[in-house]
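The feature domain 'Amino acid transporter transmembrane' is assigned by TrEMBL to 44-446. According to TrEMBL, the feature transmembrane segment maps to 80-102, 142-164, 176-194, 201-221, 241-264, 276-300, 323-346, 358-382, 388-410, 431-454.
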């Protein structure tokens, strides 16, 4: 599986023969015909299209199955509105991260720092913060980013166990977590985001199938008719502030998948072309999340309040089983997306990041998987854990920190004048950018972290009280209790 050192470096040199500042001139580079083989086609992804597939595929995975649950907590109107609102907000902060990355690269190149091998040697968000703002910002970025990605990986593992249970319930969800923890550990063999080309493409196709399966299956199921004895379907949300803000932070989490933006950009041949890739990915994701969540809530209403996984309410058919299997594969891919930056950090800590041998790097990465495995077994709360992570970690990692970092980096007139990227065409004013950034910081701190943190932690504690830590089978259907046999006199 490992590429020879010379072949890997030859590809990088060909692609990076010119400076980062050369822009579109890189299009004129010639590549030897020998590079156009199947391995390169499937394994080496550094184009804008690869970045789009990576962003779209990574942005929505198991959370697709919990959004109907959020709609039941918030109601239809709030669910749709906040999806669009947080989707656009997330696209804005991803744009800020890309601007800061380009600024960092430009400043370093002026200091004659070479990024020729950037596709192999990964640059990370906390290193951008360090280069622009200093070691304190590096420490803050590293702490939040790593903790978020750690729990993001945990969530994918919990999702795997939750989904497979609806195909095979002979094993409980905790046992399935053991099994899929071992399966997901194989992601240690994927060197970087540069090597996720085929996986990103397949992952997005799998998510697309699942989203439209949920939509069509919900409409086919229809609404339960009401009568005198049966009130039928009820759409009562929102009824409680705790539920409302829990659902809102799950949506905040949904569109906060750009904790790996820098790693995706750095794996591109031309990172400066990333600017609006995340927005375009988000617009496509809207076509998956909005119809599926709305249709499921329309069909099942308040029934979703006790079913965080949308699969649990749909009848077992070959279509549902196909969706479950595809989501399992996609969650494996997303586990790799979330874990790869953690692998990079660990490699740098132990001095293995520059090692060319994929086998040695894979062996060195294995200790990262162990705590993820353990935490997924302790907190198997599919759905509520998303909201807790969204409020406490995503709020800062992908919303507050990028906005503050952008404002501080360009606070001086000289920094704004000499910036590598000027304000975008739709907001051609530094004052306007600062106003948007300040609004996001205040909104997320008050609504996302404040109210959202209170609601999600309250709900999380409720799950612990109800099911306990190390729950063997979270939200599994309890078999009916059979009546005792009649006594014979």
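Backbone N, Cα and C atoms are what each Cβ position is placed from, and that goes for glycine too.
Long-range Cβ contacts of the transmembrane segment (176-194) within its own chain (Cβ-Cβ under 8 Å, at least 6 residues beyond either end) map to 1, 44-46, 54, 119-120, 122, 153, 156-158, 160-161, 164-165, 260, 263-264, 266-267, 328, 332, 335-337, 339-340, 343-344, 358, 361-363, 365-366, 368-369, 372-373, 376-377, 380. Under 8 Å from some Cβ of the transmembrane segment (276-300) lie the Cβ atoms of residues 48, 51-52, 55-56, 59-60, 64, 67-68, 70-72, 76, 79-80, 83-84, 87-88, 90-91, 94-95, 98, 207-208, 210-212, 214-215, 218-219, 221-223, 233, 235, 254-255, 258, 261, 307, 310, 313, all in the same chain and six or more residues away from its ends. Counting C-beta pairs under 8 angstroms (sequence separation of 6 or more), the transmembrane segment (388-410) fails to reach the transmembrane segment (358-382), with fewer than 3 such pairs. Residues 89, 92-93, 96, 241-242, 245-246, 248-249, 252, 387, 390-392, 394-396, 399-400, 403-404, 406-407, 423 of the same chain lie 6+ residues outside the transmembrane segment (431-454) yet bring a C-beta within less than 8 angstroms of a C-beta in it. Taking Cβ pairs closer than 8 Å, the transmembrane segment (201-221) reaches residues 53, 56-58, 60-61, 64-65, 68, 287-289, 291-292, 295-296, 298-300, 310, 314-315, 319-320, 322-323, 326-327, 329-330, 333-334 in its own chain, all 6 or more past its ends.
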